[in-house]
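Reviewing the structure listed below.
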Amino acid sequence: MAQGTLYIVSAPSGAGKSSLIQALLKTQPLYDTQVSISHTTRAKRPGENHGEHYFFVEADEFKRMIQDSEFLEHAEVFGNYYGTSRPAIEQVLATGVDVFLDIDWQGAQQIRAKMPQARSIFILPPSKEELARRLRGRGQDSDEVIARRMSQAVAEMTHYGEYDYLIVNDDFDLALLDLKTIIRAERLRLSRQKIRHDALITKLLAD
């Protein structure tokens, strides 16, 4: 069976990364594509389920996993740990399922160092003005917070050149099509097709 592909997807806040991934998953069967589920030490919130939203673990268990090098990447955010389990990812990839990992550029660097075969995608907004409009449209932040987010977004976008693919999310449907096209092209790579169609190729080349 051909291995699945790990896709690292990064973008500044407001570029539409999460929306694109969720829209993609709705069009792909579960046995083809899944989203990575992180481990965390934070408390479970109402409506969240273990193994669906996060893998909820105690701090001691998380630290043990760090010591045993079980994480592709991990970080501490506001006193809670978050991390991506390498064994969990590899187990899914071994079944031929593609895995999408929504992560920032710093986490992406950590993962590429440990899994260079992963494919990475960066998503850009069509303009700074549109990015600011989307952030304001959420109605959650003050002008001061939005200005800070915009400054952070510019810093994040300077890392686009570290990625394999670049998508500009101006028209959502077109950006989603671009994302699907990347997946389709990766699945047609010779290394995967040789395994997938091994029996056919053997018959075609038999004397």
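Using the three backbone atoms N, Cα and C, a Cβ is placed for every residue, glycine included.
Positions annotated as ATP binding site by Swiss-Prot: Ala11, Pro12, Ser13, Gly14, Ala15, Gly16, Lys17, Ser18. Annotation source Swiss-Prot lists domain 'Guanylate kinase-like' at 4-184.
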ATP site shell beyond Ala11, Pro12, Ser13, Gly14, Ala15, Gly16, Lys17, Ser18, criterion: Cβ within 8 Å of Cβ centroid: Ile123, Pro125, Asn169
Chain-internal residues, separated by at least six, CB under 8 A from Pro12 (ATP binding site): Leu124, Pro125, Leu131, Gln152, Ala153, Val154, Glu156, Met157
Greatest C-beta neighbour count within 10 angstroms, which of the binding-site residues Ala11, Gly16: Ala11
Stretch-averaged pLDDT - the domain 'Guanylate kinase-like' (4-184): 93
Most Cβ neighbours inside 10 Å, all chains, among the binding-site residues Ser13, Ser18: Ser13
Per-residue Cβ crowding (10 Å cut-off), top of binding-site residues Gly14, Ala15, Lys17: Ala15
